[in-house]
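See structure below.
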Amino acid sequence: MISVYYFGAIALVLVGLYGVLVKKNLMKILISLSIMETGVNLLLISIGYVSGKSAPILSEGVKWNQAVDPIPQALVLTAIVIGVATTAMALSAAILIYEKYGTLNVEEIRRLRG
Amino acid sequence: MLKRSLAIISILIIGYWLAQGLAGVPFGEDKMLVGHYYLQHVKEQTGAVNAVTAIVVNYRGFDTLGEVTVLFIASTGVGALLWRKKRGRTARTEGSVVLTTGVELLFPFIVMFGAYIFIHGHLTPGGGFPGGATMATAFLLLYMAFTIYEIPHKAFEKVEGIAGMSYVLVGLIGLAIGGYFLFDWIWQTWHWGSDNIGRLFSGGFIPVIYTIIGIKVGTELSGIVDNMLKEEVRE
């Protein structure tokens, strides 16, 4: 039986993938990419969980063997920032595309370029 | 309709495949190999209580340098993509009095809280990136509430560049003293604050680097917001 966290993370990735495959609006595709990224981060963080242990902040009586794995948390910290950066880039590209073509529909943009 | 059903079928296949792969990774069990080493030695090797920030800044400092570089490239790229000769705020509706007064009152508190987060990165959850994002939120509030507000560009861009350079500079000082890039010279050479682990003045160079990163991230995200909210002005 798969854990509910893994299931949720996979479901988020798949929902994002569905949006990227099916949707035609550029903004919806970007939202789907963000959802996928959230799913990947959730998957990473849930792999590092150890049942019954606390956050890896070793103050106030938390011994080193009472903490969860700190490495996935560090990785996710990096991944979140990179996701925000790529989303900002993609959004400004979307602004430019709307100014140039007057539409955000992916198929119409493809047709306009000829 | 055909496209959607095809997409759903292929996605279900991919999901089953991913779930099969994850079935071999048990949830909630101790799978740490390097993690044990980090948790065991984090206090005496870095002086930080928060193991995550110690890993992010100290053990895997190169990751953070790359991350800061990615964010810098993104903010430069947004600036380059949205570059126009004459740009300005074109918002027309001023917020209500309640909104503007509320933002004026909240602004210093949000900035103070952001600074608190990145200064206490080695003690509490958080660090440079959440703190910087909180500070950028304060500037976003100003942008949302006032129609004419703009960040002070000259100061902001200089502060951003200086913060980025001083991060590399701290790493280079470590190279000169300890022999490798991003060597924690404050902790391992000076032993500064080694008798008050868990208090503010400890943690080697983690608070220093996180202050630098927090300022850099805050100015960068505010710059991205500024670029996105401005539109071309036509006479």
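Note: Cβ is positioned from N, Cα and C throughout, glycine not excepted.
Checked against TrEMBL, the range among B:46-64, B:65-83 recorded as transmembrane segment is B:65-83. The highest tally of CB pairs under 8 A with the transmembrane segment (B:203-225), across B:95-119, B:131-149, B:161-183, is held by B:131-149.
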